[in-house]
Amino acid sequence: QGRIDMACFAFPKYSWLDFLFTLFGVCTYLFDVGSDLWVAAEFCQRGHFFWSGLVLSFMLTSSVIVQMFSWFWIKYDRDLENFESETSENNIVLGGPSHAKLTCFLHVCQLGFFFRHVSALRQGFCVWWRRGEGARYAVYLTHDLSMLRLFETFCESAPQLTLMVHTMLRTGHARTIQCVSVVASTISVAWMVVDYHRSLRSYLPEKTRQDWLSSVAYFLWNLLLIAPRVVSVALFTSVLPLYIVAHFLSLWFVFVLWAWLKGTCFMDSRAGEWLYRATIGVIWYFSWFSVSEGRTRWRSLIYHTFILVDNSILLLTWWWMRNPEMTQTYALPLAVLVPLFYVTGLLVKALYYHCCHPMRQGDLPDGLVYKSAVDQTSAVYSQTVNKRMANHVTNFYSSKTTAVTKTNDSVISKLIGDWT
C-alpha cells in the first residue's frame, strides 16, 4: 500500500461546482453578517443592550481571529518560491506584491476575509473564461476560504446560535428576526461542515470523492452532535447566565492545553500556532476536530464521552433550577430529545465511518497519496499545493496499519522540511 500509483493520481481540479460553492459562501457570509447586525439593532431598540453587545462582540472577536489567520497565511505565501510572480501574472486581488499595502489595510479594517471571497470569485471566473488557466491558484484560494469559514463559523455562528436559543428560552417567545438569525447561523454551520469536508476529500484520489449520500450522512451526524450541544449550553445559560462564562473558560483552557500536548504544527510561527490552538479550543467546545495525525478513534471517543457527560450535567442543572410553570410546554421533550439526538449522532457517525470513509475503499490514508505525489512532481506544483489543507487531511484520515503509518511519517517529515 505504500507505493504511489501516479497513473491514477489527479491533483484537485477547479470545476464550475467549486465556483458555485464559493459564490454561495459569499452570499451566506453576507446574509449572516446582515442578519447579525439586524439582531443587534433589534436588541438595542428594545433596551436589551447587553444582548446587543454580545452579538457585536461575537462578530468582532470572530472577525479579528479570521483576519489574523488570513494575514499570517498571506505572509507565509509570499515567502514561497515563485508565488508572487504567479499571483501577479494571474492578477489575484490578494497576494500579489503590488497589493501588499492594500492587503494590510483591508485586514486592519476587518475586510480581508471578504476580499478573499472576492479574489476567489474573480480567479474562479477567470479560470472558467480562460478554460482552465490559473486553476491551481483558484483551488489554493478556495481551500484557504474553506478553513477560514470553519474558524468563523465556530467563533461566531455557533456562539450566536446559542445566544439566540437562550434569548428565546429566557423570554418565552421568538420574534421573526430571532428566527431568521437562528436559521442563518444554522445554515452557516451546516454548510461549513459539508464544504470543509468536501475540500478535504478533494486531496484524496478521484475514486474517493465524496458523493451526495456521503455528504448527507456527514451533514446529518454533525448536525445531530452540534445541535444538542448548543441547546444544552443555552438551557444552562437560561438558569445560570453568569456561570456559563466560567464553564466556557475552564473547558477552553483544558482544550487548549490538550491541543498543546498533542504538539500541533499547523501554523508557521509560534504566535500563529498559539492562535490556532486557542481557536481549536473554541471549536472543541462545540464539536470534535482532529488536530494531529495518527489514529483518532480513541481521541474522538474520549472527547465525545466527555461532552456527553458535560451535556448531561448542564441539562440536569437546568432541570433542577428551571421555572416549572414557564418551561412546562417544552421541558420534558427537551430533556429527552437532547441526549437522544446526541447518541443518534454518534451512531450515524459510526455508520458513516463504517460505510463512507475513504479507508473503506482501500486507499492510502491521510491524504498522503496527494502529498507524496506532490513530492515527486515539479516545483511548480509544490508551490501551489495548499500545505495547510494538506496537513489537515493527515489529521482527518487515519491509517489502519503500522507499516503504512511509518512509511507515510517519513514522507511527511520530508515534506515539512521542504515547505519550511
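These residue numbers are counts, starting from 1, taken along the chain as shown.
A Cβ is built for glycine as well, from the same backbone N, Cα and C atoms used for every other residue.
Since this is a predicted model, take the numbers as computed values, not measurements.
According to TrEMBL, the feature transmembrane segment maps to 19-41 (among others).
Sequence-distant contacts of the transmembrane segment (53-74) (same chain, at least 6 residues past either end, Cβ-Cβ under 8 Å): 33, 36-37, 39-40, 43, 94-95, 103-104, 107-108, 110, 112-113, 116, 144, 147-148, 151-152, 155-156, 159-160, 163, 267-269, 272, 275-276, 279, 388. According to TrEMBL, the transmembrane segment annotation covers 53-74 (among others).
Summarising the annotation, TrEMBL assigns transmembrane segment to 174-194 (among others).
Marked as transmembrane segment by TrEMBL: 215-236 (among others).
What TrEMBL records for 242-261 (among others) is transmembrane segment.
Among residues of the same chain six or more beyond the transmembrane segment (273-289), those with a C-beta under 8 A of the stretch's C-beta atoms are 65, 68-69, 72, 150-151, 154-155, 158, 193, 222, 225-226, 229-230, 248, 251-253, 255-256, 258-260, 264-267, 300, 303-304. Under the heading transmembrane segment, TrEMBL lists 273-289 (among others).
The transmembrane segment annotation in TrEMBL covers 301-320 (among others).
According to TrEMBL, the feature transmembrane segment maps to 332-353 (among others). The list of residues near the transmembrane segment (332-353) in space but at least 6 beyond its ends in sequence, with Cβ under 8 angstroms from a Cβ of it, reads 214, 217-218, 220-225, 227-229, 231-232, 235, 304, 307-308, 311-312, 315, 319.
The transmembrane segment (301-320) is not in contact with the transmembrane segment (19-41), judged by fewer than 3 CB-CB distances under 8 Å for residue pairs 6 or more apart in sequence. Under 8 Å from some Cβ of the transmembrane segment (19-41) lie the Cβ atoms of residues 52, 55-56, 58-59, 113-114, 117-118, 120-121, 124-125, 127-128, 142, 145, 149, 152, 156-157, 160, 164, 177-178, 180-181, 184-185, 187-188, 191, 195, 198, all in the same chain and six or more residues away from its ends.
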